[in-house]
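J.: Take a look at the following structure, please.
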Amino acid sequence: MAPSALSQVPVAVPISNDTSSLSRSLFKSNNVSFHNKLWTPGLCLDLKIANSRLRNRFVVCTSVQQASIPKVGVSPLSLEDAKEPPLHLYKNKEPYTATIVSVERLVGPKAPGETCHIVIDHGGNVPYWEGQSYGVIPPGENPKKPGTPHNVRLYSIASTRYGDSFDGKTASLCVRRAVYYDPETGKEDPSKNGVCSNFLCDSKPGDKVQITGPSGKIMLLPEDNPNATHIMIATGTGVAPFRGYLRRMFMESVPTFRFGGLAWLFLGVANSDSLLYDEEFSKYLREYPDNFRYDRALSREQKNRSGGKMYVQDKIEEYSDEIFRLLDGGAHIYFCGLKGMMPGIQDTLKKVAEQRGESWDQKLSQLKKNKQWHVELLHIIRVPENYAGKRRLKDLLAQPDNRTCADCGAPDPKWASANIGVFICLKCCGIHRSLGTHISKVLSVTLDEWSEEEVDSMIEVGGNVSANSIYEAYIPQGVSKPGPDASHELRAKFIRAKYESQEFLKPSLRILSSSSNKSSLQASSSNKIMDSFGRSGSSENSVCEGMVEFIGLLKAKVLRGANLAVRDMLSSDPYVVLTLGHQKAQTSVVKSNLNPVWNEELMLSVPQDYGAIKLQVFDHDTFSADDIMGEAEIDIHSMITSATAFGDPEMFGNMQIGKWLKSGDNALMEDSTVNIVDGKVKQFVSLKLQNVESGEMHLELEWIPLDH
């Protein structure tokens, strides 16, 4: 329906001092008294003005004519002109100083915890698109790095690009206050409360806030088909980006986007008082019943079919046939929420797929390939210092031309040659590493630390198509580019010809590499990791061919041994061997020491069908076979399942996420906890060596997934 030609004249509505009705007036249409008459004014939309009621005792709402106007005019419409979303306009070192407009509590008194809607005035200087995030730098010093500011925290934006005041000058955040309670006393410990969430929730109108961004492309709302179906699944404050979607679909009058499809929101919270923006969503449900569906999962008030608590995955299962049918028809599905959200949902979808006789793994792969699958876990994120560069790199990788390997066309490459400027797959990265860093400096997009110079180098090249237009300019007849399933020999022959001898370039462009002409790019710590990883295999072929099955890397730091057995006259010369499947990794030999200290890092690749790691300690002998000094098994299942359940560890503070329990069936000396430490998943393990008179080993494990 087209907007009415009637103008929207602001009206001043006298109100009382009662603030308890504030949140109600923000998100639903209420009858209000206006000059002793009852009116139904429509939705009070401007949270900034709503907040001013405490000062002026007036609320400015859209005119009474809006009762017949389904959508609100927005400006400036020039925000629709950009072909690409704005990215990283302000970075960590030079943030933008914005102003707090309002802070309003969203939840009722029975909600566990406090969640606030925070409106920030950026003056139109930090534009964004729906589904993007802002970074917030709280005031004060980083306690871990005195003299430096706090790390950036990311928050999904809960408004459209026009903001809650529809003028393109504000952005809204949905923030839950992070509060820590001492488990023994039950009392709040302010020293451990979330720094940024408490800063935002305690802010007052007029306070300054430093923001970075905007960032992110994963959760952008696809608008190429205005009649598409969008299934949105949120827990808690994960509803933030979906509020932006829905306001754009149902509240705003945007000439270039007139939504005619289906939006289906599943929202999981604890109870009715915890529902966020419920009045707003209910209004859409009443006004657009053919285009909007809204299902709530209240874990403390509702029961699922089995009589247990109702979680969002139970709602998904309830409507599973319809959801799968919509996905088969091209629907987009989005997930946004807190830690641990995805495992239960994934299990439900897998179970439903199996009941339908489908392979969930294949279906998920197809959804990702079709760009129907969008996931953003936890929108309050502790961001590492190099976040801006990594974000630019991931945005480059997200471009369609870079979604396949530059050398073989395999989908979803996770590695890159920083000095050549191409994204490559796991199989091809092994061959690139064998060329030497003076030809190809291989880095992981997700695992490695990238310098600004390396990121700039990738962006300057422009991606796979640009690079291949040079390196594959003249492929002679009879030479075929390898495919994703090509043999190692064919793959290696092509890559060496392409980059080492540069056979496919124009002759005038060929610059043959030499050891004296090495790239100035410095090798990062991961090169050392990957070199070690390569040496642990039985051959180059086994490394490159087998890596495609890996789900991650395990970094095992062998710390020390204690009270090891004597195997020579008075002492031993111990070394440690770790075995996983066909892979072996070994420490150096420590001479004549029964309490050796190694502090050496060993790398093992973890396949999908991984088992336990076998640890063996040997005594090195010069003239005879090495003697065994004990052994033990390390169960890595608890570490990997915990890490998988929580997703990207950089999104969480330091915390315990799992535990491997000591029992009579294992060699643990004590329970071994799995923890997130400074954005990494780690596990400290103390083992009593088996089949030997004495000895213990102490290690620190770190899990590095290849698919995050």
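Just so you know, glycine gets a Cβ as well, placed from its N, Cα and C.
Computed from a predicted structure; not experimentally measured.
Under the heading NADP(+) binding site, TrEMBL lists SER156, ARG176, THR237, SER299, ARG300, LYS309, GLY337, LEU338, GLU376. The domain 'FAD-binding FR-type' annotation in TrEMBL covers 93-221. Summarising the annotation, TrEMBL assigns domain 'Arf-GAP' to 390-518. What TrEMBL records for 535-649 is domain 'C2'.
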J.: Out of SER156, ARG300, GLY337, GLU376, which of the binding-site residues is least crowded by other Cβ atoms within 10 Å?
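T.: Fewest other Cβ atoms within 10 Å, among the binding-site residues SER156, ARG300, GLY337, GLU376, is found for ARG300.
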J.: When the pLDDT values for the domain 'Arf-GAP' (390-518) are averaged, what is the result?
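T.: In the predicted model, the domain 'Arf-GAP' (390-518) has a mean pLDDT of 82.
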J.: Among all the protein chains here, how many other CB atoms are within 10 A of the CB of THR237 (NADP(+) binding site)?
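T.: For THR237 (NADP(+) binding site), the 10 Å Cβ neighbour count is 25.
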